[in-house]
Amino acid sequence: MTGVSELRRVRVVSAAPDHIRVSVFGGRTQLDIALPLDVPVSGFVPEVARLISSRDAEEDSKDERRTFWVLSRFHSGAELRPEQTLRDAGVVNGELLRLTPRQALTPPTLYDDVVDAVGRLNKSAYAAWDSVSARWMAFAGVHLASLAMVYCLIAPTGTVNRYLIVGVAGAVVLALIGGATMAHRSYGLHDVAAALGWAAIPITAGIAFAVLGQYGYSGLAAACGSVSVLCAVYDRVIGTGRWAYLAAALTFGLVAVVLVARALHARADIVTVTGAVVATLGCLVVRRLTSRLGRFETPTVTVETKREDWDFENPFEPSAATDNGDSGTAMPTAEAVWNRAKSASVTRAGLLTGLAAAAAVCVTLLLRTVVDWPAVVFALAVAAALALRSRTFHSWFERAAVAIPAVVVLVSTCVTAQNGSAPMPLAALGVLLAVAVGAACAGLMMPTYGAPRRVDTLLSYAEYLAVGSLIPLVLWVVGVYQRLGI
């Protein structure tokens, strides 16, 4: 205790290396982690790569063995060598790094069997072709075959051949509906069931029109009504793919009403413009009518106020409040909320598709009856109302359900206007060109977060004018202004 060794200062160095906090970006993951300064990069990169790849899609085992990870700076892109430490590389606290996978070169494989070599080489050469691609190709083939069957049904043939084709088409419809029902009910293949069930809709319509289309407007109305009812039956039997069945049932139902009015010898222009206006205005109220589909019941919990009786109750017996079936004991899960919102969006898209398609059919029937300025202007107003309404919906599915029929109405109107008197063809071509240029400019210059506030306000006023002009244009089409001498 009397020596000088007690006066010396001993510096104790920890065995753990110094750490700095950095942010590592890899794939779609940002990892904020503390990394050692004096450990080589190759010492901690595998663990960081494992943490990042746990959130990404799983890769094939062979590709994973041939993949190595490279750590680099985020801004400059300079790579850090595996034997280099973060201190030697000059990495400071809070710096941004990037971890990217690289594909290692492998020597060519020697095969003893020629067939095995050809099979493996074909698989590697066409790596994008997998089970998902084969399934989508099968879906496309089924729908193309259904369209070919529809062409055979509506093509002019002999009576004997027609009934033979109708019988074959009926068997195909039964096979498609049976396969779709089995795929959904027994195997849980929702996409397969939807594809097979949707392919049966055009064949069903072709059968109905081939059998009943020869009886005039009454037969066409009966055909549309039968297709509408059968679509509802398909939805109940199969249990999935509601969007197409709902849209088809609504479209054919509204067209059936129009054809019934024509069978009762009503004027074609009055019937078609009325149907178009009703369908267009129906698209405006779909959101309000379906606003409660994606909601759950508000939780209610019973509150007991007689607290003086609690002292004499058995705490081990269930209380009276737990016996009541209040909604507070059955809160919906996140998955249930997502499923309810998705189902409401699909139902809303089906209603919009059916109404917008019915409006397009009514406008097409109007233009087939007469091609003059009132009919063309009314058709353009319907297209504008539908197109401007599509921007108010949130999901792309709902926007496409209204925007695509609007584009169809616009194009068909401009094409039909080429048969009108001058200067109608030139004006229709100018409208089509202006819409195309405006859509291209909007797609190129529109910011990602949406339209600016002034542009959105301008579009709202344009939608208000388009919808408000429908009724005056209807009076112009049916000739009310001419009778009043205006």
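Residue numbering: from 1, along the chain as shown.
Any Cβ shown, glycine's included, is placed from N, Cα and C.
A TrEMBL annotation is a machine prediction, not a hand-curated record.
As recorded in TrEMBL:
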DOMAIN    134-483  domain 'EccD-like transmembrane'
TRANSMEM  136-156  transmembrane segment
TRANSMEM  162-180  transmembrane segment
TRANSMEM  192-211  transmembrane segment
TRANSMEM  243-264  transmembrane segment
TRANSMEM  270-286  transmembrane segment
TRANSMEM  349-367  transmembrane segment
TRANSMEM  373-388  transmembrane segment
TRANSMEM  400-418  transmembrane segment
TRANSMEM  424-446  transmembrane segment
TRANSMEM  458-481  transmembrane segment
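Counting same-chain residues at least six beyond the ends of the transmembrane segment (136-156), those with a Cβ under 8 angstroms from any Cβ of the stretch are 165-166, 168-169, 172, 176, 191, 195-196, 198-200, 202-203, 205-207, 209-210. Counting Cβ pairs closer than 8 Å to the transmembrane segment (424-446), the top stretch among 243-264, 373-388, 400-418, 458-481 is 400-418.
Non-local neighbours of the transmembrane segment (270-286) in the same chain are 254-255, 257-258, 261-262, 348, 351-352, 355-356, 358-359, 362-363, 365-366, 369, 378, 382, 385-386, 389, 402, 467, 470-471, 474, 477-478; each lies 6+ residues outside the stretch with a CB under 8 Å from one of its CB atoms.
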